[in-house]
Amino acid sequence: MGCLGQSWLIWVTLLDLSISTLGISRLELFPYGPSAGDELLDSGNDQTRVFTLDHPLMFFDGKFSKIYVNTNGFIATATPAKEEEYLGKMPARFGMIAALLGDLDTSDGVGKVYFRQDSSPSTLQLAGDHVSRAFPDDDEVTPTHVFIVTWVDMTTHKVLSRGPGPHHRRNTFQLVIASVESTSYAILLYPRDGLKFLSTHNPDGRSSVIHAGFSKGQTGSSSWSRQGVYYRTTDDKEASVQSLSEKTNSGKRGVWVYEIGTHPYFTNVAPGEVTDLPPEDLADSGLYYPRQGQQQVVEYPTYHPVAEELEQVDLYQSPARPLPIHPVQYQPHQQQQQTDDLALLDSDIQVNVFSYNSDTCENNRQKCSPFADCKDHASGYCCHCRPGYFGNGKQCVSQGKPQRMNGKMHGRVYVGNSPYPVDFASNDLHSYVVSNDGRAYVAISAIPLGVGISLQPLAGIGGVIGWAFALEQPGYVNGFSIVGGEFTRKAEVTFLEGGEKLTITQEFKGIDQHDHLVVDTQLEGRIPELPQGATVQIDPYTEIYQYSNNIVTSSSTREYVVSLEDGTTETKKYQWRESVTYQSCAHDESARKVPQTQMLRVEQVFVMYDTTQQLMRYAMSNKIGDMNGGGGVDENACYTGRHGCDTNAMCHAGEGTQYTCKCASGFTGDGRICYDIDECRESPQVCSTHALCNNQPGTFRCECVDGYQFASDGQTCVEGDRPVDHCQAGSHDCDIPERARCSYSGGSAYICSCLPGYVGDGRSCQDIDECQPGRCHPDAQCYNTDGSFSCQCRPGFYGDGFYCSSEREKTRCETHRESALSASEPGPRGPRPLPGQYVPTCDVEGNYELMQCHGSIGQCWCVDANGLEISGTRTGPGSTPTCSGETGPIVRPTPRPDIYPLPAGTNLLFSQSGRIEYVPLDGYSMKKSEAKTALHLPEKVVVGVAYDCVDKMVYWTDITTPAISKASVQGGDTIPIIRSDLGSPEGIAIDHLSRTMFWTDSMKDRIEVASLDGAQRRVLIDTDLVNPRAIIADPVNGFLYWCDWNREAPKIEASHMDGTNRRLLARDGLSLPNGLTYDPQSSLLCWADAGTHKMECMNPSQSDRREVTEAIQYPFGLTAYGKNLYYTDWTRNAVITVDRHTGRELEEFHPQKKSRLYGITAAYAQCPSGQNYCSVNNGGCTHLCLATPGGRTCKCPDNAVGVSCVESEGRY
């Protein structure tokens, strides 16, 4: 280098030192221009050039061999759309890396866009230096390929009205893509003099702030797609753009580095970690020195607007906070928390405070919880939970009272190396926590076997309720006390062995009318595969939670032990990072004082996947306290949870190890036993005029009567506009019921959602073709159906379609049974066990039946999945135990106050969502004032109800679980009877003489029978059924009747109770036959049709069909008692009485709860007279006795094996 060149370098160095706080200069950009080997993009506006890369770009989870360079400050991974489709309308539908996106132009010949691919050692070294400086804790990065785009002196396409003319306002910036073998980084350089305008006009004439960021574009198939991740590094304010040249995430002002893609596994865009700047010195001035053998030749156009900017910069400006990341990721930027940084995806994180305005409590008190007080502050108002309650003021719950969480789980999870995901569509998630000792239980339903085993390590999916209601140590508070019930939780799980990543997003929507915390859960990503039969044990662990303004972050490394079927174990780890964002009240600083750091101790972790029920179960104990993790041996029982207080009681610590128990608010007792207080009964005037009181466990609710609504004070009911339930009225715009569900959400609002197996916005739903390659086993055939699919092994193979084998492998039960039968003697129908020999029974899948019996000694007992006897379940001759298959605590409705015993006499039982109610009959008239709730069943949709007059039990079908259950009408727990192999059980009927029950399944399209304990089960009819609903039994005469509301061919049919002699009773003139009933006194079969709006009757043996009444609205359930017919109506939300002889409507009853009414039945004071051939000694049958006209049929259950069951027909 000559003297002139040396003088130039010294001058530039001194200049750089003198303005080191100003950022990089143009000289510090990567070399660009023709002399650097660049290509030049065509001049103009919205110009694009495609470039083929020697090494593919990794962007998010994709690999791209071609990129598209555009005038408007970005490169794309696909052909860009026209600029009017994305300018001012971000995110774009195509993949985009926006260095500085705006409506830019090079038509004047001054602005240039240069680009090239470069693999020279000096360029690779410079790129590697930037990346390594930005990620100091990672291994040093040495790129193998670099792609450089430089936008030089760019001007706006349309001149903005304010400020200097366009020739004085030009932007210069640079994007460098540096790639190693499986990872790509974006390096963005913004010189201190390079940003002269911060907004551009959009094609529609509006002005928009230019911005930078990364957009994945739309993902999915051609028939269905959704917007992918959109990571913005600037927001919608010009100050954030100006900051690009003044701040950094790489330790060098004006230089920003991001990890933007890895292949094949990638979840988050990761920004550089160095946001602070070190002291500037000559050795690290940031000046770029040409390396030996390389010439630094930078070509500039004639325009050089540099010097005029120097005096405008504040040389003493302190480093500001890093730029907020707008809609898709949160990244904590506090330097001391770098190890806990968390990157999260796919939704906005809005870290704000409560949307309190500056008004006072006078007009906003109703925005607080009913159990909170409103307090005015200088700048606004805040809500504070009253003593005995805890929460954030907007939502408060009673201290000491157990809490529940309900919701749905959606998402897509890849297992192991499988290229095909497992989809979750509205899987039920339920959780229960005993808040006075921190124990939490979580259950997730309908988890397929292919993913259930591998989900066992992820107890944290539902563990958030453990943090929310953790047992508090002195001076520390659990999550709900801080954030309330409305918050967003995002977690990222990274499995350390294979690098798989799973993202968990949970939206908590507050407390519903049942006092349950409501949550929506989304899973996306990949998890390692665990082999079939593997179990998981999670050791106790701790997690540090760090609290700042409206955000909580935590991270931990968790170990789990996998036990394989061969007895070997493996210890594995994953890293857990999460953040919780919420809104607090900004007006009361004292209320926002939270310990900056708290530690959650999670102990007694239990995980299990129930292969039979397809249930994922987690349980754990949670305590929140200081970093030391709690006290010593003499710690007070209130802080350990090892006290004797009732689950509805608070534990108050005294001196030393002393403590007292006090019932939670809404309960009474000595603290060790607590009973619910019926506030509605003890304080009849607790609600205002025109309001009804609804007692609930631990509390009560006031509900305005129909035609009234709450005034602004939240207490007084005033006359208002009658809300319209468009779901019931049929005036909604949701798709048809076969594809979508309309959910009434209060007022006149409703929500449309597609049913499982369909995709769309609820107003338009399309069937998902699940039969993609790999969905079924290679030796199976996939059959796509409307809303579902099925897999069936090909002829010659055995299995469930997801796994097929030419040889059927014997299960543990089958091997056990075969061994027992080998020690047998020959019999007339096959091997016969030796006297005294116990032979286990297996179900159709080869698993142990839940109940096992020893015929020789007449004893029965319950077993677990391994066939081991469950202690305390063995019964003697003549009785059988109830075996539910539950291994964890069963959360059931309690006798107080959910069960109201039926009064003497005849009652009408009818079902609504979440409850079964009754109204007594006085003669044939309804005693409306004495109507009560017989059973609370939160979150359940109870469709069919039936009554067993012998045992005084009510039976019902539930389509949400799905399940068939029963409970005593005199008070008692819910007893699940059947919970497997059900689709949508609807109608149900009881044969009180034969002690059997019958039900229809409109999803399985079949009619089944079972013993009343559910142990013996058989399919009776499974052909020529489309939408079977109501079913009626005539035990005395031996007939079954049912209706099928198939819209193409509705019909009413009959058969003998064994399923034989099936015949058509009515077909013409039907549309939507819903309700069906049989009156044994008149021998009339009657039905109600919601399509023809008629009620008709006929004698099944004479076919003398006649119309009872017409112009009914939307009947659903129907029952007969004496001269009257009683039906439920969806439009009127009522139980309506019709005189069967005159067709005249006599009265109607509107239940307190305004929602759809489903099934209805009469609960007789005494059983109807009559006998059949199964009434005595089970008709001589070994198993199922099914009545027929003049006789009976003995049938074996579908899962019967061996010679212990004998089938026969006729009399005995």
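Each Cβ is built from the backbone N, Cα and C atoms, and glycine gets one as well.
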### Query
Do you know which of CYS860, CYS862 TrEMBL records in a disulfide with CYS853?
CYS860
### Query
TrEMBL lists region 'Disordered' for one of the ranges 155-174, 235-254, 815-834; which is that range?
815-834
### Query
Quick one: do the domain 'EGF-like' (676-718) and the domain 'NIDO' (99-263) reach 3+ CB pairs under 8 Å, ignoring pairs fewer than 6 apart in sequence?
no
### Query
Within 10 angstroms of the C-beta of CYS853 (disulfide bond), what count of other C-beta atoms is obtained when all protein chains are considered?
20
### Query
Mind checking which residues reach the domain 'EGF-like' (357-397)? Cβ under 8 Å, same chain, six or more beyond either end.
403, 480-486, 510-511, 515, 582, 584-588, 591, 664-665, 710, 712-714
### Query
Counting only residues 6+ away from its ends, which parts of the chain sit with a Cβ under 8 Å from the domain 'EGF-like' (634-675)?
371, 388-389, 398-402, 434, 436-439, 471, 473-474, 621, 623, 625, 697-700, 896
### Task
Write out the long-range same-chain contacts of CYS860 (disulfide bond), meaning residues 6 or more apart in sequence whose Cβ is under 8 Å from its Cβ.
MET851, GLN852, CYS853, HIS854, ARG874, THR875, SER879, THR880, PRO881
#### Entry: Positions whose Cβ lies under 8 angstroms from the domain 'EGF-like' (767-805), at least six residues beyond its ends
418-420, 449-450, 738-739, 755-759
## Note on the structure
Same-chain residues at least 6 beyond the ends of the repeat 'LDL-receptor class B' (952-994) with a Cβ under 8 Å from one of its Cβ atoms are 428, 445, 612-613, 882, 884-885, 892-893, 895, 899-902, 909, 911, 916, 918, 934-935, 937, 939-946, 1000-1004, 1010, 1012-1014, 1017, 1028-1033, 1035-1036, 1040, 1042, 1057, 1076, 1159, 1163, 1167, 1170-1172, 1174-1175, 1178-1179, 1185-1187, 1192
### Task
State the mean pLDDT for the domain 'Thyroglobulin type-1' (810-883).
79
